[in-house]
Structure formats: structure tokens, C-alpha cells
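Data first, discussion second: the structure below is written as C-alpha cells.
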């Protein structure tokens, strides 16, 4: 994990700490780090946020699923659940709502350093969203032709976005409402500290590890402000083994629930032995 919030004065990203959503040009910083061990199989790059409550009731409801599913009428007349991010300057916002408006927009690039030479690591941006989200829940509006600029005509971008939704990517199958970075963000997290899949690093051959042990650098276009709510940002590199990925949450949850059940079982056993043999008959003894 690489924390790049920049609250420490010695951090290279400290100069970007008070960045705003519309900073032009964006603040950039570079953090160097070392991998002690090689990553043998496919690598997953995540971004992580802390103290960000995506589980707030009004935040979770602040979206229009019909609009996100490509319904043309909802595109120009979003749900009232999106207020106050429903319209801007008398134009409907697409996509509307607080979730879309707060979309994570830092740009992360990874480089391997070998003899002072920086070699970029190929980061794959497709395949990071759930299949059902990409192909069922999220659709672009329909109409004559596939020109997204024309299909989204009459709408405006979310307040905090630097560009409209039809300019999220240059590739047509990853643009608009079906942009995978956008889809990943729209699946809200249950806890205030979470991570979301950002990119994939695929293994090229079986002779070399995906990421060799050594020196690396992370280039960051620092656009996403978190200092105002005491949040933190981090980049996470993770891989899987034959047992799957490392996720301690389920283990902790099972142990906690099991311990509570065991404790209650002991308490009920004591109560049963102490009071269970009493005469429960209502007859008055002679």
C-alpha cells in the first residue's frame, strides 16, 4: 500500500494537499517505492479511500437507475432523488446525483526503475467492472447513430467533473455510462474505509513474474480532494494465489460471530443447569 494523501510535510504530494476539483493544470507528484518480493501472477491495482461514507442513506439514494440504464426520458428528466445534483443552469445533469458527482478522478501511472531508466507498466482499464453492471445495469442512451455527443445533447456534466460523461474515454465501448471507472465508482461501499479496482496488470509469460522485485515509481495526477474531511488516499497492489485473494473481513466476521455464539451458549448452559431442574408444577404441595 502506498499512501499518497500528502498530509506529511516530507511527502512529495504535500504540495497538492489543498487541490480543488477544477485545478488547471492538475497538481502532479511522484512517489518512489520498492517491492521486496516479486508478484508472480496477475496484479490488481486499487485506489483506496478512508473516512469516506458512501453508506450514508441520502448519498446511496442520490442516483437515477433509469437514467443510467439509458432511458431517454430519464436522461432529460432525472429523478428527484438526485437533488441537489439534478439540474445545473436549467439543464439536467447526466449522470445525476451525489454518487456520480463525487467520482474519484485521480490518474495513477506505474513505472519500473532500472538503472535510472523508467519503464512504464501496462495498465489495463477494461475488465475491472462486474459483467452484470457493464452489460445489464448501465447502458448509453439510444437514438440515431452512435454519436454520444448528440445523444447527450441538452444535458450538462456533474458540477465537480472537469468534462462531460461522453468524454470519459476515447474508445466507444468504454465511454459514457458504460465507462468502467464510472461503473466501479457507482457501486457504493459498505464501510467508510474501502478500496475499488482501478487497473489490471496481466502476466505476459510464465517465465517472468508480472512485477519483479525492485524499484518503482508512482506518478499521480492529484485531482481528488480529501483533506477537507480528513480523508486519506492510497494505491494498493494485490495479487492472488491458488487460494484466492487476501481478504481478512470474512475471517474476522466469522470469528466474532462464532465467539458471541459460544459465549451465549455457555451462559444458557449455566442457566439451564441452575434453574432447569426446578419443579415447574403449579400444584401447591401438601
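Count begins at 1; order follows the chain as displayed.
Any Cβ shown, glycine's included, is placed from N, Cα and C.
Annotations in TrEMBL come from automatic prediction, not curation.
Matching 226-248, 249-271 against TrEMBL, the residues noted as transmembrane segment span 249-271. Range with TrEMBL annotation region 'Disordered', chosen from 63-84, 85-106, 107-128, is 63-84.
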